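Everything on this sheet refers to the single structure shown next.
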Amino acid sequence: MDNSNLVLRTKLIDRMFHWSMVSCFTLVALSGLSWFFPSLNWLGYVLGPPQLARVLHPFLGIAVFGLLMCMFVRFVHHNLFVRTDLIWFKHIIDVLLNKHGQKLQIGKYNAGQKILFWGIMSLISLLFVSGLMIWRAYFAVFFPITVLRLALLAHSVAGLALILLVIGHIYMGLWVRGSIGGMISGYVSRTWARQHHDRWYEEEVAPTNPLHSKRSG
Amino acid sequence: MGMQSQDIIRRSATNGLTPLPQARSHEQEVAKLIDVSLCTGCKGCQVACSEWNDLRDDVGHNVGVYDNPANLSPETWTVIRFDEYEDETGKLEWLLRKEGCMHCAEPGCLKACPSPGAILQFANGIVDFQSEQCIGCGYCIAGCPFDVPRISSKDNRAYKCTLCADRVAVGQEPACVKTCPTGAISFGSKAEMKDLASSRIEELKGRGHDGAGLYDPPGVGGTHVMYVLTHADQPSLYHRLPDNPHISPVVRGWKEWLKPVGALGFIATLAGAFVHYMGVGANTTEEEPPVDLPAKKLENADQDSAQNGRDA
């Protein structure tokens, strides 16, 4: 296969963080939904009988939190908002209507992805803290019932919001062809990179192309 | 509990669209009436409870009060509370209360429970935990307005007074009622117990207990364990018995409001994504034929980026 048309977008270590987190998150989210919507009780059986699911859910939740914190360290510098993100916001309708053409000066991640990044990171932190508080086997005994009730509510709200965000994230991956393959192999095509992340391509991919002299600064 | 001799009117985590077994419509609501003015604090009820229910709690420590064990636990389903109270004239009263599950008509534990069938409310009013369905999440503890359920560290399951559902099902009174030597605990239909309470309250009022009254709190739809209190105007004197118990608005918001909103959120998100895909189609990339690198284009790109500058 001719790799010259492909550029590395996500390193192996980052893909490993992402997909191991996805595996744990799927199990945690489905079991969590089984308790929030008892009519969907069967979702919880991904972790075995309900009693076992209740035991495993918090441990897997900690794994999700830990892996997301690794991803935070790896990805945060790409997800700080910059002035050119305003261009993306101004053209959000065109973006959603699949109208390509203008250069939106999108860096490695677009402004929507940055919102997703900060949404996921803040919601998982809220889930982590509230989840520890309501963890009956270890920590719930240290909190008064009024605080536990609020923590339960916060845990449910944050869990719902996170799952809805992730559904949006999955949809975007399905919609934008090449994204999921890119997150698995790590590589995207040059055209894909130029089309979806023009500024990233121009500033970071093209300058480091071996056929061109490296730019400094 | 394998026995099924009572109709079920509520089942935890079960959709209201599917009716519960309720063909037998003649079942009477039962109630336990505890007359605190007759209680001597002998703890016979605690012993009878442990004996009938095969509970053997660990021997605890004396913490300087007569409450023994010091609190409800997975293996102590009832405990006599001893509270000292001094009225305005400085007269000391010892207020005793047999604490345990109140068997609410609108049980907060059942509302909060996420495990289908782990908590049942029978037509006779008894609210019973079905231990084999319990997952040990502790939501019932958050739901209860009376701080009654306890999770066992031995098996991660919640326990509380069953109102001796197994005895009541075969026409017997609860073990505590059977054993009480002063007749402070009575058991019968809820209507009978209310009648009994009103005659006792009249008697108490006649003896100078002006505040005497029945504790059958309407905030939880009434209870199937009721108290005759000598200070019914101040229930909280009796070891923090709630003046107006009700399911916390936080729990209600979580179970009654957030659940439908969350369901709508899911439907809207999934439908929105699907409609978007149908309307807009896949966001594809028109790949150029994989020939030699388009060097010229890249040079242009470099120029562009030089003009645009870099982000921070």
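Just so you know, the numbers here start at 1 and follow the chain as drawn.
Glycine is treated like the rest: Cβ placed from N, Cα and C.
Annotated domain 'Cytochrome b561 bacterial/Ni-hydrogenase' per TrEMBL: A:13-185, in sequence order.
Per TrEMBL, the feature transmembrane segment maps to A:16-37 (among others).
Counting residues 6+ beyond its ends, the transmembrane segment (A:57-76) has Cβ neighbours under 8 Å at 13-14, 17-18, 20-21, 24-25, 27-28, 31-32, 47, 109, 117, 120-121, 124-125, 127-128, 131-132, 135 in the same chain. Per TrEMBL, transmembrane segment is recorded for A:57-76 (among others).
With a threshold of 8 Å between CB atoms, the same-chain residues lying at least 6 positions outside the transmembrane segment (A:115-138) that come near it are 55, 58, 61-62, 64-65, 68, 72, 75-76, 79, 109, 147-148, 151-152, 154-155, 158-159, 161-162, 165-166, 168-169. Taken from TrEMBL, the feature transmembrane segment covers A:115-138 (among others).
Below 8 angstroms of C-beta separation, residues 25, 29, 32-33, 36, 112, 116, 119-120, 123-124, 126-127, 130-131, 133-134, 143, 180, 183 of the same chain, each at least six residues beyond the ends of the transmembrane segment (A:150-174), sit close to that stretch. What TrEMBL records for A:150-174 (among others) is transmembrane segment.
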